[in-house]
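Straight from TrEMBL, the features:
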type: DOMAIN; residues: 13-117; note: domain 'Pseudouridine synthase I TruA alpha/beta'
type: ACT_SITE; residues: Asp60; note: active site, nucleophile
type: BINDING; residues: Tyr124; note: substrate binding site
type: DOMAIN; residues: 162-279; note: domain 'Pseudouridine synthase I TruA alpha/beta'
Amino acid sequence: MVSGPARYLVFFQYFGSKYSGVMETSNEQSVVGVQNYLEKAAQKLKPIVPIKFHISSRTDAGVHALCNAAHLDIQRALGKPAFNEKQLIYGLNYHLKPEPIRILNAYRVTSSFHARFSALSRTYIYRLLVGCAHHSEIPVFERDLCWAPAGGSLNVPAMQDAAQFLLGTHDFSTFRSHNSETPFQSPVRTMLQIDIQPSSGFLSHHYEHRGLEFLELTFRSRSFLYRQVRRMVGTLVAVGQGKLMPHHVKELLEMKDARALPPNTMAPPSGLFLKSVEY
């Protein structure tokens with residue numbers, strides 16, 4: 001006879017550049033998902049049933065997470081008590097040591113809790129570096145952590161005006177890429193927050209003389225479509241560069257057609273961070 005499994009909600013972060021994304025992939029691939037490493041670490045806790053991480057928010061190859069979330073069930077051998085939260089954090093982090101992945105927090109939750117479906121909202125940030133004439137001017141400490149669009153300064157007030165058209169509930173078909181789930185997924189989403197603010201870079205006070213500036217774009221919604229944030233960022237940057245006017249964003253949204261977005265409008269993955277999942 002064995003006791004039932006204990007369910008936990010864990011919050012974790014990762015530097016996404018070396019992974020194929022957060023979701024599990026075949027171990028035969030040369031680059032695998034963050035989930036592969038999480039589950040490999042969890043198996044070393046010696047559960048009697050293999051542990052599966054049910055991840056809240058999918059992120060693509062090269063995208064980072066300041067804080068993602070997942071739930072998992074752990075069934076231990078008869079007579080062994082359930083892990084307390086601290087034991088679970090320390091145990092997983094010990095076995096994750098070689099990887100840029102860290103467990104931040106763990107909470108015991110009820111068996112009905114689901115990391116993906118119980119989430120109230122998700123917040124992403126996108127980091128832009130402005131003032132680089134050439135990609136070689138990106139500070140080495142910021143490599144893979146921001147996007148430096150070509151062409152100098154950006155018209156931030158115009159970007160802020162354009163962002164207003166994306167707030168609220170809309171059919172975001174224009175701003176989604178196609179993947180295997182797209183045909184079955186409603187394109188309607190509600191954008192709760194879009195902010196564009198100056199930000200600081202890592203060690204940026206040491207190279208202020210170079211005239212580099214950072215911007216942080218914040219997006220909050222209950223859920224997002226595939227690559228929606230990167231396509232919205234690319235469009236807002238095009239507005240900041242004067243390639244589009246703010247009202248063009250409203251027109252693109254109303255077209256409800258992914259092909260309507262100008263070519264090369266999607267921002268690269270390197271500047272995107274999942275900031276938080278709210279419950």
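Backbone N, Cα and C define each Cβ position, glycine as well.
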Quiz item: Taking the Cα atoms as reference points, how far is Tyr124 (substrate binding site) from the residue listed as 'active site, nucleophile' in Å?
Solution: 13
Exercise. Tally the residues of the domain 'Pseudouridine synthase I TruA alpha/beta' (162-279) by DSSP class, grouping H, G and I as helix, E and B as strand, and everything else as coil.
Key: 44 helix, 32 strand, 42 coil
Practice problem: Output, ordered by sequence, the same-chain residues six or more apart from the residue listed as 'active site, nucleophile' with a CB under 8 Å from its CB, or 'none'. | Solution: Gly21, Arg227, Pro269
